[in-house]
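Visitor: One structure, pasted below without further comment.
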Amino acid sequence: MTDQTKDRVFIFDTTLRDGEQSPGATMTHEEKLEIAEMLEDMGVDIIEAGFPIASEGDFAAVNEIAKRSRESVICGLARAQPADIDRCWEAIKAAPRPRIHTFIGTSPLHRAIPDLTMDEMAERIHETVTHARNICDNVQWSPMDATRTEWDYLCRVVEIAIKAGATTINIPDTVGYTAPVESADLIRRLIATVPGADEVIFSTHCHNDLGMATANALAAVEGGARQIECTINGLGERAGNTALEEVVMAMRTRGDIIPFDTGIDTRKIMQISRRVSTVSGFPVQYNKAIVGKNAFAHESGIHQDGMLKNAETFEIMRPEDVGLAATSLVMGKHSGRAALRAKLKDLGVELGDNQLKDTFVRFKELADRKKEVYDEDILALVTATMADEQANHLDIVSLRVACGTGGPAEATLEMEVGGETMTTTEEGDGPVDATFKAVRKLYPNEARLQLYQVHAVTEGTDAQATVSVRLEEDGKIATGQSADTDTVVASARAYVNALNRLYVRRSKTGGDVKEISYKDVS
Ligand code: KIV
Ligand code: ZN
């Protein structure tokens, strides 16, 4: 089948809503704007930018994304309540193409929470979709937990929503319960049964609790859905959502049996995957399809031999199709700024002049310590540079650590706190513990450590370590990142980076505490 005869499937990205709502994946205002811009650049049709009534921070981010948007439809989530819908509209109305997405849980378990009878809920759906449609001509409606909703009732409420003016009907598999045959069948039967179904777009929204989200989404398309809701790296509640990169590359690679087009520029996939991983603090598993570190690595001798003779022996997609540089130009201490700029361009990273200057300084420092600087090293440097420039209430001046057998570790830390330089020496159970204690001594705080994670960027004992630290304080969550060949230094910087972020959030009104969750359905 040629491209001309393929049907179009719309890509609805909810990284900034369902993805960001997953515990710990909180992004800052600026990060949300940056991700939205990247999503738009890669050709996402609809961006679900947030849940405006959830918090002042959510509202501000959705509103700013709406103002900056060009082509993509900007969608905001709203519960089935007029006040939610009005708040959502306030946030998105500046977009050239706004969409209100309103929803209510329709399965028996979800109906029990607001304690509505079937008739009362049907009436609520009619009123709220009508309300949304009276203010916006692009309205999406979702029966949350659709896959566990009684068939007759599901048909009834979908019909009500269509009659009330919904233009997209999204069918969520909220708990990741369905299986591919069922997913295709459900959409097919809804389209065949519900009056008016042919006038709207059917959409699928799958969670990955049983690892079937991608298969279920593609099966729904087979059944007639023409919008897939998904997130970058499959980010999302519990086991996450359908991964954008997986459905898009499946349709592209297997166009012979899944003959659908999307508007996605697949060469931007790696870049956005890395950025979402960094800002959310959720690492991508090494063997993750499409974007995992090993997705295009061929380790075994037999595979490498085959690859050298003909890449197609073991490769069904070309790495460059997802934005992985075809050749890896290794950098070293003689590489200049122009080479670094070219390398960053290859990696799909665009930096401002000052950021490039700072990254170059770090690159030189690293190249002095490490013979070969790989792509992964450079990406880690960029992450660390960006993390450091975000806020600097706290700044590490120097750190010396003594550790080993025969006694507790000891860290001597010199740190600037609000412009004043202070020093302390603390003991701890290992060098990281001693260092974190020293930070807390100089900057007493109540932040709880939720996650401390270390990854070696490349092979070898001189590899850089990337460290993520996630902290929680009064419901506010902040993730800090850093990278260094010294794991303790990277840990200290990541910890201080997370504290700086909490500091910024504390001093700003709003922040990203979700006062309301989308699970508060009443
Ligand atoms: O999983 C779900 O049901 C949702 C809805 C709000 C669409 O995210
Ligand atoms: Zn969801």
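A Cβ is built for glycine as well, from the same backbone N, Cα and C atoms used for every other residue.
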Visitor: Of Asn63, Asn233, Asn241, which one shares the Mn(2+) site with Asp18, His205, His207 in TrEMBL?
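Guide: Candidate listed by TrEMBL for the same site: Asn241.
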Visitor: Could you tally the C-beta atoms, other than its own, that fall within 10 angstroms of the C-beta of His207 (Mn(2+) binding site)?
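Guide: So the number of other Cβ atoms within 10 Å of His207 (Mn(2+) binding site) is 25.
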Visitor: Applying the rule Cβ within 8 Å of the centroid of the Cβ atoms of Asp18, His205, His207, Asn241, what extra residues of the same chain belong around the Mn(2+) site?
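Guide: Nearby residues not in the site list: Thr14, Pro172, Asp173, Thr174, Cys206, Asn208, Ala213, Glu229, Cys230, Thr231, Gly236, Glu237, Gly240, Thr242.
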Visitor: Consider only the binding-site residues Asp18, His205, Asn241: which of them have a Cβ under 6 Å from an atom of ligand 1? Write none if no residue does.
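Guide: Listed by sequence, the hits are Asp18, His205.
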Visitor: Below 8 Å Cβ to Cβ and six or more residues apart, same chain only. Which residues does that give for Asp18 (Mn(2+) binding site)?
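Guide: In sequence order, Glu48, His205, Glu229, Thr231, Gly236, Glu237, Asn241 meet the Cβ cut-off.
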Visitor: Hey, which of the binding-site residues His205, Asn241 is the loneliest by Cβ count within 10 Å?
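Guide: Each of the binding-site residues His205, Asn241 was scored by Cβ atoms within 10 Å; lowest is His205.
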Visitor: DSSP helix, strand and coil counts for the region 'Regulatory domain' (395-522)?
Guide: 33 helix, 53 strand, 42 coil
Visitor: Could you say whether, by DSSP, His207 (Mn(2+) binding site) belongs to a helix, a strand or a coil region?
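Guide: Looking at the DSSP assignment, His207 (Mn(2+) binding site) belongs to a strand.
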